[in-house]
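Report on one structure; see the data block that follows.
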Amino acid sequence: MPADIRIVPCLTDNFGYLVHDPATGATASIDAPEAGPLIAALDKEGWKLTDILVTHHHGDHVGGIAALKAKYQCRVHAPHDANAKIADVDVRLQEGDFVRIGDLTVRVLETPGHTLDHISYVFEDDRALFAADTLFSIGCGRVFEGTYPMMWESLLKLRALPDDFRLYCGHEYTASNVKFALGIEPGNAALQARAKQVETLRAEGKPTIPVTLGEEKQANVFLRADVPSVADAVGLSGSPAADVFGELRERKNNG
Ligand SMILES: [Zn+2]
């Protein structure tokens with residue numbers, strides 16, 4: 001049975017997500033940016049939270065865990081805490097682990113760079129990728145704890161997933177990302193198409209998520225650091241892709 005996925009806007013620009021298994025009633029929250037909106041969404045659907053799948057330790061992803069756990073006694077799954085502690089964790093996850101949410105199977109991918117503990121969650125049967133602050137639509141997370149080569153490897157791991165997977169990311173940053181990407185690749189037709197779509201969605205007050213990975217591979221300049229024309233555009237023809245990626249990330253940081 002396909003999962004029911006709900007987008008729950010939280011805080012200023014975070015996306016909370018609920019993934020519900022209709023066969024068993026199990027419901028997971030991907031991260032817990034804020035308890036209030038997630039509880040309201042659960043109440044509206046008549047769902048009970050059974051699991052929280054945490055991607056990384058930042059406060060805007062874990063701030064709602066304690067309140068949700070107190071209310072629902074749900075299981076909290078999270079990455080290792082080698083560099084930063086996440087409280088109230090029941091299960092520690094690493095690369096290749098599988099989590100069961102009712103009848104749904106979730107695969108864990110380690111995607112470090114934004115933080116060293118960052119993991120992403122893949123719902124294989126539902127073709128859904130929850131990439132939090134590693135991969136945004138037309139963007140990627142800032143590299144706070146890792147290195148540019150490390151983050152580039154993480155993006156390559158996500159890029160290797162099939163085109164029909166849908167990306168659910170941690171923040172609504174798409175419009176700002178589109179503006180930056182058009183500065184690097186003004187002639188990219190896929191990016192131009194995405195720009196139009198994003199403008200329409202935002203004007204209607206709708207989220208720009210989900211989007212297919214196939215579209216992102218064509219339009220997201222941060223997934224295209226190994227395309228020669230992108231290296232040319234930042235003056236790094238012939239340089240390693242990780243260096244081109246680092247230059248793109250620096251320019252976005254300073255933009
Ligand atoms: Zn973060």
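Glycine is treated like the rest: Cβ placed from N, Cα and C.
Per TrEMBL, the Zn(2+) 2 site holds Asp60, His61, Asp133; the candidate it also names there, chosen from His20, His171, is His171. Cross-referencing His77, His114 against the Zn(2+) 1 binding annotation in TrEMBL, which names His56, His58, Asp133, picks out His114. Reduced to three states, the DSSP call for His61 (Zn(2+) 2 binding site) is helix.
Compute the center of the Cβ atoms of Asp60, His61, Asp133, His171, which mark the site for Zn(2+) 2; besides them, the chain residues with Cβ within 8 Å of that center are Asn14, Asp31, Pro33, Thr55, His56, His58, Ala132, Gly170. The distance from the Cα of Asp60 (Zn(2+) 2 binding site) to the Cα of Asp133 (Zn(2+) 1 binding site) comes to 11 Å. With respect to Cβ neighbours within 10 Å, the binding-site residues Asp60, Asp133 differ, and Asp60 shows the lowest count. In terms of Cα distance, the binding-site residues that sit within 10 Å of His171 (Zn(2+) 2 binding site) are Asp133, chosen from His56, His58, His114, Asp133. Taking the mean position of the Cβ atoms of His56, His58, His114, Asp133 as the Zn(2+) 1 site, the remaining residues of that chain whose Cβ falls within 8 Å of it are Thr55, His57, His61, Thr115, His118, Ala132, Thr134, Gly141, Phe144, Gly170.
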